[in-house]
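> I'd like to ask some things about the structure below.
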Amino acid sequence: CFQKCEHCRQMGATIPCRAAGCPRLYHFPCAAASGCFQSMKTLRLFCPQHVAEAVQMEDARCSVCDGPGDLRDLVFCTSCGQHYHGACLDIALTPRKRSGWQCPECKVCQTCRQPGEDSMMLVCEACDKGYHTFCMEPAIEGLPTDSWKCKNCRVCSDCGRRPAGLDPGCQWYRSYSVCEGCQQRRATEDARGAPAHVPQPDPPAQMLASPDRSEPPDVPVPELESVGCNEKPQLGGDPEETPPGDGGSPPDELTPVEVPPSEVPPDELPLNKASPNELPPPLVQPPEEPPPLVEPPPLVQPPEEPP
């Protein structure tokens, strides 16, 4: 019981290879899974490396072709002990199929453990074990037209989950290799039709206006009012023609032109605060009026003094 199995690498192997000097040991199901030749009549086993030594044995014959053929392609029935070539049964032999394999005459339902009802027997394509359709939960009304896998062999190729980790009523797709949730996700992705490359966004409008990206985009420039050839533009404009709110006097106050500065109290003079970007308008002094003519007083002759 302290011997390690050559196939599963676990302890408890008890069946040795009968080849001289071979130290390999196997469990009974592991010997079938690894492809060893086993004889039910002589209770002898040869490992895959020494299977050629079984060619002279009596039961090293295929029950279909009645010849030894390729001994490495022989599969051992764990119920009757007969051997069959996988090619003669049209079966691709795998370790999962070899382990616990039963020939067509010995095959029983894995649920009820009874043979018969071959027309209602489902055979798993992964392990080649049989199940009655009426023994399954839930029961299947008819045989599927495509390949079928039992619950022990179903593994979702997308999420890696098995039926034990899914809802009991979960449906399977693509020959029982994709669970229902992953199939719905695939259908959603197919409906979206993801493109092969991500489209680039359209360039901005200003870049479309300039064919040469090295040139700056066109920016509107405010037009300057034309000035006559013989006229000079005045900074700030004429105070009398300045509209309200453009840096001139407020609408309710009098401009310096309308009221002379001498007649307005100093406290009521409007303060024209020019903007930091504009020069104050020139002050226009009212014309000076000449002083009124005052007639000189008549000359008064002093009284003549007597001599």
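Glycine is treated like the rest: Cβ placed from N, Cα and C.
So TrEMBL lists the following for this protein:
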DOMAIN    1-51  domain 'PHD-type'
DOMAIN    59-109  domain 'PHD-type'
DOMAIN    62-107  domain 'RING-type'
DOMAIN    106-156  domain 'PHD-type'
REGION    190-307  region 'Disordered'
COMPBIAS  258-268  compositional bias 'Pro residues'
COMPBIAS  278-307  compositional bias 'Pro residues'
> Which residue counts does DSSP yield for the domain 'PHD-type' (59-109) in the helix, strand and coil classes, in that order?
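Per-class counts: 11 helix, 8 strand, 32 coil.
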> Helix, strand, coil: count each for the residues of the domain 'PHD-type' (1-51), based on DSSP.
11 helix, 12 strand, 28 coil
